[in-house]
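According to TrEMBL, the protein has these features:
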REGION    1-23  region 'Disordered'
COMPBIAS  11-21  compositional bias 'Low complexity'
TRANSMEM  47-66  transmembrane segment
TRANSMEM  78-98  transmembrane segment
TRANSMEM  118-138  transmembrane segment
TRANSMEM  150-172  transmembrane segment
TRANSMEM  251-272  transmembrane segment
TRANSMEM  293-318  transmembrane segment
TRANSMEM  330-356  transmembrane segment
TRANSMEM  377-400  transmembrane segment
TRANSMEM  513-531  transmembrane segment
TRANSMEM  551-568  transmembrane segment
Amino acid sequence: MVEHRGLDIMSTPSSSSPSSSNAEKKLFSKLKVSLTKKYPQKNAETLSAQYGANLLLIGVSVMLALAQHGPAVKKEHLLAFITALMLVQLVWMLCYMIQSERERSPVPEKDAHAGTSWIQGGLTMLALLSLIMDAFRIGSFVGYHSCVSAVLGVYPVVHALHTISQVHFLWFHIKDVIKKYETFERFGVIHAVFTNLLLWCNGVMSEAEHFLNNHRRRLTALGYDNVSTVEAEPNCNCSISVCSMFSTSLYYLYPFNIEYHIFVSAMLLVMWKNIGRTLELHSNSKRPSMRSPGLLLGPLLGLLALASSVTVLVVYLIHIEKSQQTREAAISMFYLYGVVMLSCMCVASGAGLLVYRLEAWPMDTGSNPSRTLDTELLLGSSLGSWLMSWCSVVAVAAAGPGSPSFRWTCLVYSLLLVLEKCVQNLFIVESLYRRRTDPDDAPVPEVFSITPAPVVPPYDGIVNRGYETQDKGCATLEGETPENRAAFSRKHSDVTLPVGNQLSVIHGRKRQILKNITIFLFMCNISLWILPAFGCRPQYDSGLEQETFGYSVWTTVLNLAIPMNLFYRTHSVASLFEVFRKD
């Protein structure tokens, strides 16, 4: 009995060992699945975003060290770092395109809103101007090759190759919704996003340094001897005769190169958000654009605004280099022009919002990463000019009796700038989120729709082939005489057709008003981009804010605010053109 009990005791663990091992295997398999499938895919977006943010911060750290013009960090170090990032992006784009060609699915998923053809065409034009800029850089390097680093020659060559390859990638793959190798592709796309952001930061820093040198030179001409300038050209003779033309032309091409890289970053960010996304059927359908006559007032006023902006730019650049009196006159002219322009834009945006309030168009709340990014970029890029405007308001409030005479126009201009961006943002966002419906369009029943047909009664399986129009024959009641049917037809035509025509006319007029408002705001935003992009920046030259905040603080604010304001104008132009096509 004891031995039997001992055998029973010894046999208990052996009998339970298979179940425990199976439980451990199940636990291990669940843990393996959760570690290999759920968490990496769930956290891939966060991991790649952290990688891109740190990549950007490394580049910004090098730029901040370079801004001090010390002996430790030089321009060659920054360009070598950016060149390495561009080469990595080139390798990733090549691998992605080869993989896409090998594993092409029969019907690949595409996001129709990710990049329209007109945006791709605009980016191609900006890319061509960037290639001209690279050609000027190569020409400048050839002239100074004996006394500059070889990195200054390698960088424009790699940048030109990067630009050509990236434009090809954007044309053929920007709408792709990636469903394979999601984690790897997220890192590749986010690397491309932040590489272009670093190229944008590099262009902004170079352009800001150019304007600061001009500002210091003007202060020196006015008698401020304690302001030092930074030498821009190498300390050696150029071996060709066009070096000065190359160096001067670069600064006229910087605005286009800057806008190219920031727009590429936005498009690639939409592609990054689309990775692993399940497209909805209604969100991927595009409404065909409709042409409507009556576009006269908006384009005429927009062309007038554009012509006046070019005139103000030329007059400002000529008079700002002269005496103190002409400088103040040029700055006053700019602020008066800005007050008129911003007032008209506020009225136009407010009128557009009023038209939307009179309409019954529903809001489209479907998932659309491109539209969401448009809204976020509009609001985020507005912060720069708002900061600059409120600094000007504080400077005017703190100014003494001996301040310049244009301080009150500067106050009105700053307040209108804040108001104009608030109202225009509301108009653009509401336009992008409105779902257009035409009252004169007949409702089309969908297959498998739960909504019953409004007029057509059941046929009971019998269809009379003798009628040419079966809907009219089936719409009449059984037992009606031909005279009753004719009277019903006359009554129906006398009542419904004029009402439908009246609704169509009213709807067409509102659409014409919206299109005129949109094209006017489109031209005004182009005008307000041209002025600061090509040198009309009175915030540097007025001296009003500099007396309140100091030279270093105010120039730092301007170096942050003006690039954001330039991007806001270009992004508003793109959004307004999309609104124009949608209306």
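The count begins at 1 with the first shown residue.
In case you wondered, yes, glycine gets a Cβ from its N, Cα and C as well.
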Taking the transmembrane segment (551-568) as the first stretch and the transmembrane segment (330-356) as the second, find out whether 3 or more Cβ pairs fall under 8 Å, excluding pairs closer than 6 in sequence.
-> no
Stretch in 78-98, 330-356, 377-400, 513-531 most in contact with the transmembrane segment (150-172), if contact is a CB pair under 8 A | 78-98
Stretch-level contact, the transmembrane segment (293-318) and the transmembrane segment (513-531), CB cutoff 8 A, at least 3 pairs = yes
In the same chain, who gets a Cβ under 8 Å from the transmembrane segment (377-400) while lying at least 6 residues past its ends?
-> 266, 407-408, 410-411, 413-415, 417-418, 421, 425, 428-429, 539, 544-545, 547-549, 554, 557-558, 560-565, 567-568, 571-572, 575
